[in-house]
Structure formats: C-alpha cells, structure tokens
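Here's the structure we're looking at; comments come further down.
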C-alpha cells in the first residue's frame, strides 16, 4: 500500500499532467457516424478528469428541445446542417472533451468557431468498418444523404470535410477497442502539444554530446533548410521513425497513394513544422496532375514471383520525382521569408532534371527567392539525360556540366557546405544561404519510404500476399537512399524480409555487404549503361551504419574519418552480422544487363530500363523464390534509348535523342514512350549550358555569378 504522501504526490502529478495536456483548450473529436466519438470522448474525459460534452445530446437536443432525428425530419437535410452550424456558433467551452456530430464538419463557420479554442482530432476509421457498424445498429441513412445516394457514397463525400479541419489524425483500423483509441488520442495530443519530442541529430554526434559536435536540438524545418549537419554528418531523427501497428497498415490497404502518403508523412513531420492541412496541399500538388498514372506508383506483375514497382510516371521519368515534386514545396514552406536561398545539387543523371523541374514549378513569389544550381558530370550521363537537364532549365533553375565524375560533384558540394567562411560570406555579401536537395537532405528520403510501403499494401490489396506475409525488395543502388528508404519502411512495420542491393560494375557496395570492407583504394569509376548506379561513395550508407551501430556517432565518425584519410574501412563482426540480417547484394555486368532487357522484351513485350535490368539480373540470382520480390523500376527506358536499342538488337541508331524515342515508339512497347521526355526534347535551345573544370574555385565562382544574376 502506498504511503499517504507518496499517494498524494502521484495523484497531484496525474492531475497536473492531465491539466497541462489541454489547459483551457478543448479536445474535439471528429469523424463519421459510427467512428466511436462519444464512447472515446467519455474515456478520454475520465482519464483527464475533465468535462465531457456530446454535441448531439448536450447541445443540439437541449437547444432544440427535440431529438436530432425529429429535427432532421422537421426541417430537411440542408436546413438541418444550417441549424446545426448555428448551434455550434452559439456554443463555447474550455478544458473539455467534445464529441462532434458526423455532420458538424460540413458547416464552415461553425468549425472555424470550434477550431479557435480546440485541438481537432479526426478518428479515421475505414469505410468498410463504418458500414459494418452502422448496419449492425440498423442505420441505413445519415444527414445529407439524398434519395439515390448510397451510404458508402455519402461517407466518402464527407471525408473531404474531415480532412479540411483536423489538426491530428488517429487511425482506427480493424476491431480496435475504444479504450485503445482513447490512449491513441491522448498520445497524439501529447505529441501535438510537444514538438520537442521530435528533434534531429547528426550521424556523427555522440550520445554524450562530447564527440565530433555537441548535440543541439534541430527540428524538421531546420534539417530541411540546412541539409548537411555542421559536423559533416547527416541528420536523423533522435527517436527514430514512428512504427505503425498491423491494424493501422491494414486501414491503408483500400485507400489511394496520396492518402497513404498523407497518413505516413503526418506521423513523420510534426504539425508545428507543417500542419496537416498544409501538408495535404503539398502532397496533392506533388502527386496530382504531375503524374501520368492515377495510381502514382503502380505495382505490375512481371513473371513468376517478381513484381515491378513502377517509379517513372512523374514528369521527368524517374523515381527522383517522388521526392522532388514535393521537397521544393516543403522547402518553400519551411524557410524564413527574410533570406534568399540557393539550392545546390549534384547528380549522376536523374536527380538533376527532377530537381530542376520540381523547383521551377514553385509559384512566382517563391521562384524569386529560391533558385537551384545543378552540377552533373559532363561526360557521365546519357545523352537524353543531359538534354533533359538542359531542357528543364528555367528562370530559377540552371545546370552546369563538370569535367569529372559524380563523386567529385557530390564531394565538392559537401565541402562547400562545411566551409563556414564561404557560406558566411554569401550570407553577408549577398543575403543568400545555401541549401541541399540531394538525398543527403532528410526531406528527400521521407517520400521514398511511402512508395515502398505502398507497394506492399498494393500486393495485399491484389491478393498476392496476406498482410504480415513477407516480401523481398530488390533495388538498383548507387547513393543508398532508395534502399535505405525500404529499410526505413521495414522499421515502420512493413514486413520486408531482405533488401537486395543491386550494383553494376561499380560494385563497391556488393563487396562491402558481402565482406564488411568498404574499400575505395585503386577503384576507378566505370561509366556504364546504368549511370545512376555509377557511384563509389554512397552517402546515405552513413545513416544505415548509424542505425546498426546503435546510434553511436563516434563509431560512424571513426569509420568515415578512416575512409577519408585511408580510402577504406572495415566493420566489426557484430555490425556486419546486423547488416547481413537486412541486406544481401549482387552485381550485374553490362552484357547481362542488355541480355536481360532483350529477354524480358522477347517474352513479355515489356521494356526494362538499364537500372531495372541490373536489379532483375541480381534478383534472379539471389532471391530464393519463397516469397514475392518487388523490383524497383527506378527510371523509364526512354531515358536510355541508345542502350535499349542496342539491347533490342536494332542495328541503325540515329544519334539524335528525339529520333531514338520515335524509333522506340514505333515498336508499340510496354509501357509507352514517356510523354514528358518527348515534350522536353522537342523544346529548342537544349544545347545551351555552361561547362566548368573539376576545380573547387571554379564551382564557387559559378555559384557567386548565379546569385548575382538571380537575386541582386
């Protein structure tokens, strides 16, 4: 038995915690009829020891002196919504838990009034569950349902209103108990009230804060703007990524890609950084009309147990569009209005056109204060990729070819960011700060996690697997960002068994995953048909090593210092064992890559791009066929027309990129030639771009010249 002083202290602590959670604010529960708002509201109120108000019982019926059903019958649907809204406008409360009616969110003025002093919590219950609950209590009509409109249709119609108003979404999938929903509501409100729960640290910071750099609190907005940590490490969330329950994942099986993205990113981005309503606009803009396929990232059966995750339906025809149609809008939302920003990018091919296209789509005001400069290896990308990057140049977006390889471009940008004298000079002299849009930026990774999760949910939806059954994923890997996103999806609860890392002849990652030795000594970059994989220093590997090193930045720092100074490092056995639980790796020769393209086209009529062919070859060798394997199709074959035409054994190849695409199109391939590429290549002036030597001072002078031309 507790002693009296201890018992009193615990009671006081409990009361203070509950009171401080909401203070004078209301927790306002919102959702469709049958979502459990009233029951959950009572439980939350009991836990917080605060008043509970049910709008139906305690406000509407008291105001009208009649039941809700009688009022509806008396005035009809449209007038009922108006009368209901008026009642909300005349209602006030503080420090209470309030359960709205299912139709309250359809009255704009009433909801604006409620939102002024409340945190709106949306109980998001799958439509199938709502239908089942309503049928069990013999409800077949609800407010706003006109003759000839089904219950399912009216529930779907109402979702737009719930989405418009909520501050917090609570997923309520399956047969979750009201008590558990109440706990989720309280946890969500605590998160909403305390943004300091979600801070970021560097992969090179020690737990004590005494190593490479002190641990300082950085928030999502900070890491989006800063890109690279001051100590040279990469930003990661201090408490890791959120984990979804099986029921929460299952509630996303029936919904659209955009809805899945919204739910997942809400849990990864604190609403203080980007409120749910703003995030919804960003996601809708990114994945709406800009993608040619309504499914955004469809999964297509290839053969046997192999499935293709098609990631090339965006405007620039590669997986980079998933992040780079969204990141510019996130960046524009997060940055302060008092400064101009120049975004620096290094690309091995696909990132360049994607980042140029994404930032050029910002509205006029944002284009004036945000510009992007893309460095690419002048002779290290395909002719179509180069034409595309040059063709995507706009008033705030430029490309410069560098007479070197991707590793030089990427290293140069890292050195520029960590040169505080130079970045300080740009800020003082020109009022311009630098930012990064490469996959070292945390905001680049988050949208990639979504499509790996969505691919699995699509397989469940198609009946290929039941939820919980494992899949493997095989990903052509250069900078390690895409495969890291798959590993993050696994951490968040998607049952991925193995991530298969597919390399081309630049197979440093294959050797590393097999042996634990990362060795760049004596290695020369080999130009291949799959240029996005032509990388020797894989930046995002650092984030994964930080994870398996139990988030010990000192270990990561030692490894990367050794790589920088000696050209190699070796993992200890315990770290290699952890790595090999997640990853297997293989590589593909140029001949095997072309042979795979020819073989798949001959048997299916489908054309793989060169990167997807690399993954296909490696998947054939390493996957044991005991579960499905999802192969990431990271680019459209149109970007690599010469290699594709060679693989298809077409003898006469015109050197003009546009002619090459027309020739491919004449074969009526699956999928069709990419419309965005055709449009870009038809533009005049694609040959105009600047080229510079592989010299840091030259790159820095180009940066200054661009700043002067655009911002001054």
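Using the three backbone atoms N, Cα and C, a Cβ is placed for every residue, glycine included.
Annotated in TrEMBL:
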type	residues	note
DOMAIN	213-287	domain 'Threonine synthase N-terminal'
MOD_RES	320	N6-(pyridoxal phosphate)lysine
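Across the domain 'Threonine synthase N-terminal' (213-287), DSSP assigns 36 helix, 6 strand, 33 coil.
In sequence order, 314, 350, 351, 354, 355 make up the list of same-chain residues 6 or more apart from the residue listed as 'N6-(pyridoxal phosphate)lysine' whose Cβ falls under 8 Å from its Cβ. For the domain 'Threonine synthase N-terminal' (213-287), the predicted model reports an average pLDDT of 92.
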